[in-house]
Amino acid sequence: MNSSKSPGLAGFGVLKNTTCHTEKKISVFFSIIFMTAGILSNSLAIVILMKAYQRFRQKSKASFLLLASGLVVTDLFGHLINGAIAVFVYASDKDWIRFNQSNILCSVFGICMVFFGLCPLFLGSVMAVERCIGVTKPIFHSTKMTSRHVKMMLTMVCLFAVLIALLPILRFRAYQIQASRTWCFYKTEHVEDWEDRFYLLLFSCLGFLALAISFLCNAVTGITLLRVKFKSQQRQGRSHHFEMIIQLLAIMCVSCICWSPFLVTMARIGINEGRSKETCETILFALRMATWNQILDPWVYILLRKAVLKNLYKITSGCCGVHVINLHMWELSSIKNSLKVAAISESPVGSKQMNLQPLSSVG
């Protein structure tokens, strides 16, 4: 087995090449701040989502909350594990040869970087698909999208992300210490072998695919909600749909902004066979941008909730003295009524019936 495939030597190949020197105090500060902010914000979001899940345990919103909880838990462990390893590396003066002679730590670090990078993107796309089905096919969603099925979907997504993360190890391709000597990932310098390029392009393509699926499903969901709203002329019964689609749109925007630089950078390195002009500082900046995604995700559920939005509206309307939004849109209504309204409004007979009877008579 040559040195390019040897787990014990491949991880140290970058140490002989040009490295970029980052200010230690600033780098440690970034790592500690990112890890602390991520753990605190994700922990707070988990508490909020768990309370909401207990409240809607037997209703259609439970599947969305279960997927959202899985996303936040993944972000939490991503900050906890990756942050702890990064702080340990800084505390050891980045002397990989001393504490990583068998390349075990670098392999674990690389696996975690890939898994906790792809898994939240996959979960975001699955949440968008789940909401799309819940809005366009409410009866199918209420009968088939049970908690057991959602848990199976969560397990399958995690297993797929684990498989992608373990793929280099299974192929005897060790993860590489990057030029900054602070993290491990696929080989990004002097990439000549097709398999090394394949891993970079696979990571980028899967990330962009997840973002594309989220965008498409959220667009279909939003258009369907608007069409049903204008068709039925009913505002009550779908406030929880609008709340969830706002959260999904926010997640998608945050993911696109935070992950695009890193995904584009990895794709350019893979396409250009490692001869791209991406510097160590550029890659490190893109990595920190991607880290912000796991910090901002939980704040979507903390801030973009109905109660918070109502309070913000009251404050804004009190300051401006104008009333633009009808607060009745945000009144809590039965999920059962919502599903019936959405189902009836899709049929021609149901549309005529809804024009002849008030919403309170439904159900």
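Backbone N, Cα and C define each Cβ position, glycine as well.
The feature domain 'G-protein coupled receptors family 1 profile' is assigned by TrEMBL to 41-301.
The transmembrane segment feature in TrEMBL is assigned to 26-50 (among others).
Under the heading transmembrane segment, TrEMBL lists 62-90 (among others). Beyond its flanks by at least six residues, the transmembrane segment (62-90) meets 24, 27-28, 31-32, 34-35, 38-39, 42-43, 45-46, 49-50, 52-53, 56, 96, 105, 108-109, 112-113, 116-117, 119-120, 123-124, 126-127, 130-131, 134, 141, 145-147, 149-151, 153-154, 158, 181-183, 244, 247, 251, 294-295, 297-298, 301 of its own chain at Cβ-Cβ distances under 8 Å.
The transmembrane segment annotation in TrEMBL covers 102-129 (among others).
Below 8 angstroms of C-beta separation, residues 7, 63, 66-67, 70, 74, 107, 110-112, 114-115, 118-119, 122-123, 126, 130, 186, 199, 202-203, 206 of the same chain, each at least six residues beyond the ends of the transmembrane segment (150-170), sit close to that stretch. According to TrEMBL, the feature transmembrane segment maps to 150-170 (among others).
Panel annotation: around the transmembrane segment (198-226), residues 114, 117-118, 121-122, 124-125, 127-129, 131-132, 135-136, 164, 167-168, 173, 186-188, 191, 238, 241-242, 245, 248-249, 251-252, 255-256, 259, 263-264, 266-267, 269-271 of the same chain, lying at least six beyond its termini, place a Cβ under 8 Å from a Cβ of the stretch. Here TrEMBL flags 198-226 (among others) as transmembrane segment.
Taken from TrEMBL, the feature transmembrane segment covers 246-271 (among others).
On the 0 to 100 pLDDT scale, the domain 'G-protein coupled receptors family 1 profile' (41-301) averages 86 in this prediction.
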